[in-house]
Amino acid sequence: MTPIYNFSAGPAVLPREVLEQAASEMLDWHGCGMSVMEMSHRGPEFISIYQQAVADLRELLAIPANYKILFQQGGGLGENAIVPMNLVGRSAQPATIDFVHTGSWSGKSVAEAARYANVNVAAKPAGSFTSVPPQETWQLTPGAAYLHLCTNETIDGVEYNLDNFVPTVQGDTPIVADMSSHILSRVFDVSKYGVMFAGAQKNIGPAGLTLVIVRDDLLGHALPICPSAFNWKTVADHDSMYNTPPTYAIYIAGLVFAHLKRQGGVAAMEQQNIAKAKLLYAALDCDDFYANRVALDSRSRMNVPFYLGDETRNEQFLAGAKARGLLQLKGHKSVGGMRASIYNAMPIQGVQALVDYLNEFAGR
Ligand code: PMP
C-alpha cells in the first residue's frame, strides 16, 4: 500500500506512535476502566495526566519558573482578543499596541485588537508578505502595552529566524508572540517574550486546546470586561481548571510531549526540520517550474507555499499528488497555489516522496 503523507496546515499530522498509544488506551486508561474522555478533570487520574504534560512541556521548551503554562480554549483567534483584554490594563490609557504585520495571521490580530486599544502597525513589508521587515525599520511606540509578532505566518510561509532575532523594545513593553505554527519546532529563548501562545492543532495535538505561556508579572491586569474564564490570573490560580479544560486534547498533547522527549527533544526536532526544509526548498528552487516567493532569510521551515509556473495545471498537480498519497497540498484560498506544511510529525520520507513527485511532475 502507498504510504499516506498529510501536508495539512492544521489540524495536521500527528506522530503515528501517539495515535497508536491513544487507540490502545481509548477504552481503558492504565487499567482504571475509563477512557480519558470520561474522566473528571478533578480526579487523580486526569490530574496526573495534566501534571506530566505541564512538566514535560516545561522541560522541552526550558520554560523558566517565573512563567505559567496555561491550557485554554478559544484558539489563536480567541487569543487575539484574550491578549489585549489581559494586557492593555497594564499601561497608561489610552493604550497603544504595536504590531509587526508580516502576513494574514498578524493582520487578523491587528483587526481584533483595535476593539480594545489603539493599534500601531510598526512595520509591514511593502507589497506582498514575503519577508520579515528588518528590526531597524520598526516604528515602535514608547510605552506601548505590548508588541505583537506572529513568529511564523502559516499562510504566507514567513518565519522569524529566532536564532538571530533579538527583539528589542523600549521600557518594559512585553513581546507577545503568536507561535501557533512553529512552537516546538525549534529552540528559542522563552525569557525574551512576555507571552507566547499557540493553537494546538499543528505541532502540539488536537484542535480545541490553546497553549499560553505567560510571565508572572503580566498576570492580574485584566480589563473588567474580560470573561473570567479568559482571565489569565484566574486560569493560572486554578491550574487551568477554572472551567473544564479540553481534557482529551491535553492528554494527546501530553503524549506528543513525551514522544518529543523520546526523540531527543526540541533541538533534535530542529535538526530534522532544517533537513526537511532544505530538501523541499532545493526542489522548488532548482528551476522556474515552481516558485516560492519568500525572501531566503524569512522562509518558514514549517509551511512552504509554492506556485506552479503554469497555474492552469494546478488541478492536475493536486490530482497526481493525491494518487501518490500526498494529501492536502492545496494552498490557502486567500493566496492560492500550493502549500506543504511539514511539521514535526512529518517524516523526512514524506518530504522525499513530495520532492520525488515535484521532480516527476516537472519532467526532471
Ligand atoms: N495564528 C496562526 C499563526 C495560525 O496559523 C492560526 C490557524 N491556522 C491562527 C492564529 C488561528 O488559530 P485558530 O483557528 O485556532 O483560532
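Every residue, even glycine, has its Cβ placed from backbone N, Cα and C.
Taken from TrEMBL, the feature domain 'Aminotransferase class V' applies to 4-354. Per-residue pLDDT, averaged along the domain 'Aminotransferase class V' (4-354), amounts to 97 for this model.
Taking Cβ-Cβ distances under 8 Å and a sequence separation of 6 or more, the neighbours of Arg42 (L-glutamate binding site) in its chain are Met241. In the three-state DSSP scheme, Arg42 (L-glutamate binding site) falls into the coil class. As annotated by TrEMBL, L-glutamate binding site applies to Arg42.
Annotation note: Asn243 (pyridoxal 5'-phosphate binding site) sits in a coil segment as assigned by DSSP. The 10 Å shell around the Cβ of Asn243 (pyridoxal 5'-phosphate binding site) contains 15 further Cβ atoms across the protein chains shown. The pyridoxal 5'-phosphate binding site annotation in TrEMBL covers Trp105, Thr154, Asp178, Gln201, Asn243, Thr244.
According to TrEMBL, the feature N6-(pyridoxal phosphate)lysine maps to Lys202. According to its DSSP assignment, Lys202 (N6-(pyridoxal phosphate)lysine) is coil. Other Cβ atoms within 10 Å of the Cβ of Lys202 (N6-(pyridoxal phosphate)lysine), summed over all protein chains shown, number 30.
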What residue among the binding-site residues Thr154, Gln201, Thr244 has the most other CB atoms lying within 10 A of its CB?
Thr154
For Trp105 (pyridoxal 5'-phosphate binding site), just count the other CB atoms lying within 10 A of its CB, please.
21
Report the largest Cα to Cα distance, in Å and rounded to a whole number, among the residues Trp105, Thr154, Asp178, Gln201, Asn243, Thr244 that the record lists as binding pyridoxal 5'-phosphate.
30
Using CB under 6 Å from any atom of ligand 1, narrow the recorded positions Arg42, Trp105, Thr154, Asp178, Lys202 to the ones that qualify.
Trp105, Thr154, Asp178
Return the residues near Asp178 (pyridoxal 5'-phosphate binding site), defined as same-chain residues 6+ apart in sequence whose C-beta is under 8 angstroms from its C-beta, sorted by sequence, else 'none'.
Gly76, Glu79, Trp105, Ser106, Ser109, His148, Leu149, Cys150, Thr151, Phe197, Ala198
